[in-house]
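Now, the feature entries from Swiss-Prot:
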type	residues	note
DOMAIN	1-158	domain 'Obg'
DOMAIN	159-331	domain 'OBG-type G'
BINDING	165-172, 190-194, 212-215, 282-285, 312-314	GTP binding site
BINDING	SER172, THR192	Mg(2+) binding site
DOMAIN	345-430	domain 'OCT'
Amino acid sequence: MFIDTAKVFVKSGNGGNGAISFRREKYVPLGGPDGGDGGKGGSIIFQVETGITTLLDFKYKKKFIAESGENGGGSKCYGKDGESLYIKVPMGTIIREAETNKIIADLSHKGQELVLLRGGKGGKGNVKFATATKQAPHYAEPGMPGDELNIVLELKLLADVGLLGFPNVGKSTLLSMTTKAKPKIANYHFTTLKPNLGVVAVDGIDPFVMADIPGIIEGAAEGVGLGIQFLRHIERTRLLIHIVDISGVEGRDPFEDFIKINEELKKYSVKLWDRPQIVVANKSDMLYDEGIFEDFKKKVQEMGFDKVFKMSAATNEGVDAVMKEAARILKDIPVKELEISEDEMYIPEEKRFTYDITVEHNKEEGYDVYIVEGTFVDRLLSAVNVNDADSLRYFHKVLRNKGIFDELREMGVKDGDMVRLNDFEFEYIL
């Protein structure tokens, strides 16, 4: 099964919390803090694997979560770092942010790696907070939570030449005659149901990669037929070979077919429509009147398409000439990276300290309760001792530095209101 798009959820690992611990040894009466740091969370790393040609694996697995770092321990023991999660994808995979559809990365090189989400940083243990004036801190730093993202993986096969045309015009036959690819070939429409790639290695020319996609029909840009959903696989090509059935055995006009395909191409992508084209009149072995080809060639060249060839993929007549012309043109067209405009590029927002604040109005008592919730709050409270004055000062410092007090003031908090974080509640004093 050929799968070329997939939507998945990815999350990097949380950092482990720093430990609150003190030395307690029989002959060490003044032992001091010895809480170790938490380990960092594992990252989400995408890796290009040349042996993979489809996104089929992502049809069955939709969630990828890296390992979290372990919490720190006593005796200055550091928590173990979480294992990073490596996700293997085919070459030519584009990663998009699911909500905006903006591009995060283009993985188009052999062995390429991308650290998509870095793991959360481990929190510092209380030993790191000891000073000359605070020799026994009863607080530690919470680990930072990992990032999470819904993404869309989109595979665009990497080929130099794309074969274009209506169904049953001979694209698959040409691919099978010039490469070692074995596409399904039969005398009916839509025999090709997935893209096929092959390397053209004709004597005397530099080898190049050629892609055959399901045939395009009129109305494809509006979603009719099969070909439009695979056009993305020839978006990266440098050259198009546009094949028409010159024999007319199916009752179609080859020039009208040529016009219709180019109209659909232009609707889909102007950039793709502007790509150089070699026009091939295939099935010449079935042509009963040579004048039909000459008339077709004249009309096409009047439109500005100079390279027009007569060919029979079935008998191999004219095939070498087409392939050599393709190789010659490719020499003058540089390989381009995927062009991504600033508007198309996804820029992540800082989401590590996420929280929500809601208000409960207590009219009878004359004060409001501001409830602060979120993963950040949970982790912060787990790393402080609310019964210790120094620990509380550190706690309030974190709330201030992260903008929580500023947001409370913007929401209208007043002197005497209560602020609740999980089970811990304190009175707000201006």
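Just so it is clear, glycine is given a Cβ too, placed from its N, Cα and C backbone atoms.
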Cα distance (Å, whole number) from SER172 (Mg(2+) binding site) to SER312 (GTP binding site): 13
Surrounding CB atoms that lie within 10 Å of the CB of GLY165 (GTP binding site), all protein chains: 26
Cα separation, GLY165 (GTP binding site) to SER172 (Mg(2+) binding site) (Å, whole number): 11
Which of LYS171, LYS283, the listed binding-site residues, has fewest other Cβ atoms within 10 Å: LYS283
Residue counts (helix, strand, coil, in that order) that DSSP gives for the domain 'OCT' (345-430): 27 helix, 24 strand, 35 coil
Reduced DSSP assignment, SER312 (GTP binding site): strand
All-chain count of other Cβ atoms within 10 Å of ASN168 (GTP binding site): 21
Those binding-site residues listed as SER172, SER312, and which of them has the most Cβ atoms within 10 Å of its own Cβ: SER172
